[in-house]
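To keep things clear, I will list the structure first and then write my remarks on it.
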Ligand code: SF4
């Protein structure tokens, strides 16, 4: 069996390959913290450290949603961040691949629905892929990106077929 | 609630409030540290401080109806309130020379949300208004009625990078309410893991501060060593952020002989590498130039606001609850509490660097002294409506949890005072007079978690 390190390396190569196949270019991600405990945010940050370094494979985290192909959302959407999430979503360019990172973003997590929290981002924006975990490991986040690419490919194929 | 560290005592002041006229005299002018607390009880409980200098809402933003108070018992947990005309107010400037620069709540990098409004003259910051509590999730309300065992999981999800400190502070509160003494081995293990938490945070933060002045080597080395430590956490406990390690009455995770060796080896390696990074950083003219005299927090301000943790110790305020009100096994190890007077970014990074080496030494002592024995005892039936406190020196400073027990082993009321909550009000004071481009650096040197503060 392959070691953890080798598996991580495989994942990153797969990422590069799939990005080329599906998008034909690099992938730009915008992060939105919609009320996380910051655990998920730090795991996303981890992806850019010298050990995972997914920037080397053509994934970049960008400052503006207008430059983003994908939104990664952490947290279960607090009342105070609802507007920020909606604005970011509206500002993002198509195809607006939204990836929910962590239990909170997927379903509200342990906080659930409260007076201040919606309990899951799909109450507010449509979601492409759910990545569970509290927080999900860096590898799981890469896996989530891969799944989103699969889904994007599938959706664009269907769109193409509909046109004929 | 006051803590008198010199006498190792806490003092609770209680007052009765008339339900028909829920007001109390404000002490925020005499005791600036009380400012936020009073605004918070006004928002969440509807108790109005009379004579408070700042009537703006704090925890609930301006579009929350003024007469709804979610922490009151008759307010249902999941009730969503309508949005009203915002009562938000920021500093207004009459002069045309002042430029207002709004930033956030969503920022350029992968960081937590907060809204900052700078009033700047040219590049120089005249005033900073910080709008926080964007990640307020209603956590304390969510805990009400929750079995204490489950609330432990909630407590360790207040914050990602202070997860362990929060879970231990909560566990201590419950144990104190149940008059439980945990086994000595559990005390040692708690101390061990708390220091591992401090290590990965401090080393990561030293790297992160380097990002404030674009020092790429420092950023990468800090991130790499932090990752080494988090992988160590995972090998030993199964969780990179040390969640699920604590149980009420002791520990869930133990350390085997082999793991002890792993900790020892990994830390030796990290220590060597970290020392190299520090030597590089503290002899680098440009790095020193950017950090020295930047973002000074004066001692009197730190004292007035009761600032805690690294920020306090870098401004000459010698507080460390590990030493002042010892818990777990901190009274059985030797360590030095570094204090610097300068109060600038450099002093804050120096405190962290010194503390990293103290942590290595504490862990070494713990690994030598680790006693055999049980790691957990049972929690007896808890007496309803008894309240108790637990505390912890998280990587960011003193974190205090207060819990009142409800019927059938549940939480009746809960209040979390994180280190960040004490320190945020100091940041606007430290940035005054600095240039706007230095704000990220100053902010990183405080390294406050929003999630801890907002709850
Ligand atoms: S899923 Fe877990 S780690 Fe992520 S934001 Fe929620 S509580 Fe934090």
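Cβ from N, Cα, C; glycine included.
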Annotated companion of B:159, B:162 at the Ni(2+) site, TrEMBL, chosen from B:392, B:449: B:449
Would you mind pulling the DSSP three-state label for residue B:159 (Ni(2+) binding site)? coil
Cβ under 8 Å from chain A: which of the binding-site residues B:140, B:162, B:416 qualify? none
Between residue B:449 (Ni(2+) binding site) and residue B:140 (Mg(2+) binding site), what is the CA-CA distance rounded to a whole number of Å? 17
To the nearest Å, how far is the Cα of residue B:162 (Ni(2+) binding site) from the Cα of residue B:140 (Mg(2+) binding site)? 17
Near residue B:452 (Fe cation binding site), which of the binding-site residues B:140, B:159, B:416 can be found within 10 Å, Cα to Cα? B:159, B:416
Secondary structure content of the domain 'NADH:ubiquinone oxidoreductase 30kDa subunit' (B:8-79), with strand meaning DSSP E or B: 14 helix, 9 strand, 49 coil
